[in-house]
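Okay, so here's the structure we're looking at.
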Amino acid sequence: VEVDCSRFPNTTNEEGKDEVVCPDELRLICGTDGVTYNHECMLCFYNKEYGTNISKEQDGECGETVPMDCSRYPNTTSEDGKVTILCTKDFSFVCGTDGVTYDNECMLCAHNVVQGTSVGKKHDGECRKELAAVSVDCSEYPKPACPKDYRPVCGSDNKTYSNKCNFCNAVVESNGTLTLNHFGKC
């Protein structure tokens with residue numbers, strides 16, 4: 001669902017860039033990137049700030065996982081005791097909570113058995129790649145002081161940074177090894 005961002009006011013920030021001004025109220029929505037936003041306005045803010053085109057998937061928080069029953073897939077045990085799940089080659093893509101697209105639910109179950117992991121099913125269909133092309137421009141950083149506004153981003157270190165300024169300062173400090181994981185809290 002496309003969010004009408006024109007209903008939220010804009011202002012010019014200290015860097016001279018247009019910025020969406022959001023109310024403090026909490027009306028959680030789930031974006032098509034699988035991230036929960038505090039308000040439709042915050043989704044508009046991130047789209048403007050980072051040049052993305054994320055839409056609203058639904059009202060309320062994003063669901064963590066969708067139930068899946070791996071016991072329904074046939075399996076075999078080899079002589080050395082290794083269990084293998086037997087999957088078809090059907091393409092009925094599912095997105096794992098690890099951000100990887102699996103050919104079908106059975107292949108996700110098989111991955112967990114082989115790797116000894118417990119990756120859940122985030123949703124049916126391919127994982128969305130909205131964030132794959134998103135990079136944060138930190139060329140104007142580091143800055144000696146950052147504003148106190150709370151517009152969280154999650155870094156590749158699984159740490160929540162309160163805003164772009166704090167995140168970019170950390171990127172510079174990491175010599176560029178820190179990247180954007182997703183918008184919102186980790």
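Sequential numbering from 1, following the chain as shown.
Glycine residues also receive a Cβ, built from the backbone N, Cα and C atoms like all the rest.
Positions annotated as domain 'Kazal-like 1' by Swiss-Prot, on the basis of sequence analysis: 1-64.
The feature disulfide bond is assigned by Swiss-Prot to C5-C44 (among others). Long-range Cβ contacts of C44 (disulfide bond) within its own chain (separation 6+, distance under 8 Å): V3, C5, F8, V20, C22.
In the three-state DSSP scheme, N10 (N-linked glycosylation site) falls into the strand class. For N10 (N-linked glycosylation site), the count of additional Cβ atoms within 10 Å of its Cβ stands at 13 [all protein chains shown]. The N-linked glycosylation site annotation in Swiss-Prot covers N10 (among others).
If you draw a 10 Å sphere around the CB of C22 (disulfide bond), it holds 19 other CB atoms from the protein chains shown. Secondary structure at C22 (disulfide bond), taken from DSSP and collapsed to helix, strand or coil, is coil. The disulfide bond feature in Swiss-Prot is assigned to C22-C41 (among others).
Taken from Swiss-Prot, the feature disulfide bond covers C30-C62 (among others). Applying an 8 A CB threshold to same-chain residues 6+ apart, the list for C30 (disulfide bond) reads T36, Y37, K56, E57, Q58, D59, G60, E61, C62, G63.
A simple way to gauge crowding: the CB of N53 (N-linked glycosylation site) has 9 other CB atoms within 10 angstroms, across all the protein chains here. If you look up Swiss-Prot, you'll see N53 (among others) marked as N-linked glycosylation site.
What Swiss-Prot records for 65-129 is domain 'Kazal-like 2', and it gives sequence analysis as the kind of evidence.
Residues annotated as disulfide bond in Swiss-Prot: C70-C109 (among others). Mapped onto three states, the DSSP output places C109 (disulfide bond) in helix.
DSSP classifies N75 (N-linked glycosylation site) as strand under the three-state reduction. Under the heading N-linked glycosylation site, Swiss-Prot lists N75 (among others).
Sequence annotations record features per position, and here Swiss-Prot assigns disulfide bond to C87-C106 (among others). On its own chain, C87 (disulfide bond) has Y73, D103, N104, C106, M107, C109, A110 as residues at least 6 apart in sequence with a Cβ closer than 8 Å to its own Cβ.
According to Swiss-Prot, the feature disulfide bond maps to C95-C127 (among others).
According to Swiss-Prot, the feature domain 'Kazal-like 3' maps to 132-186, an assignment based on sequence analysis.
In the three-state DSSP scheme, C138 (disulfide bond) is classed as coil. In the shown protein chains, 18 other C-beta atoms lie within 10 A of the C-beta of C138 (disulfide bond). Under the heading disulfide bond, Swiss-Prot lists C138-C168 (among others).
If you look up Swiss-Prot, you'll see C146-C165 (among others) marked as disulfide bond. Long-range Cβ neighbours of C165 (disulfide bond) (same chain, at least 6 residues apart, Cβ-Cβ under 8 Å): Y141, K143, C146, P147. C165 (disulfide bond) falls within a helix when secondary structure is assigned with DSSP.
Positions annotated as disulfide bond by Swiss-Prot: C154-C186 (among others). Sequence-distant contacts (6 or more apart, same chain, Cβ under 8 Å) of C186 (disulfide bond) comprise C154, G155, N158, K159, T160.
Among the features that Swiss-Prot reports, N-linked glycosylation site is placed at N175 (among others). Note on N175 (N-linked glycosylation site): other Cβ atoms within 10 Å of its Cβ, all shown chains, come to 7.
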Of the residues in the domain 'Kazal-like 1' (1-64), how many are helix, strand and coil by DSSP?
14 helix, 15 strand, 35 coil
For the domain 'Kazal-like 3' (132-186), what is the mean per-residue pLDDT, to the nearest integer?
85
Between the Cα atoms of N175 (N-linked glycosylation site) and N75 (N-linked glycosylation site), what distance do you get, rounded to the nearest Å?
47
For C41, C70, C95, C146, listed as disulfide-bonded residues, tell me which one has the smallest number of other Cβ atoms within 10 Å.
C70
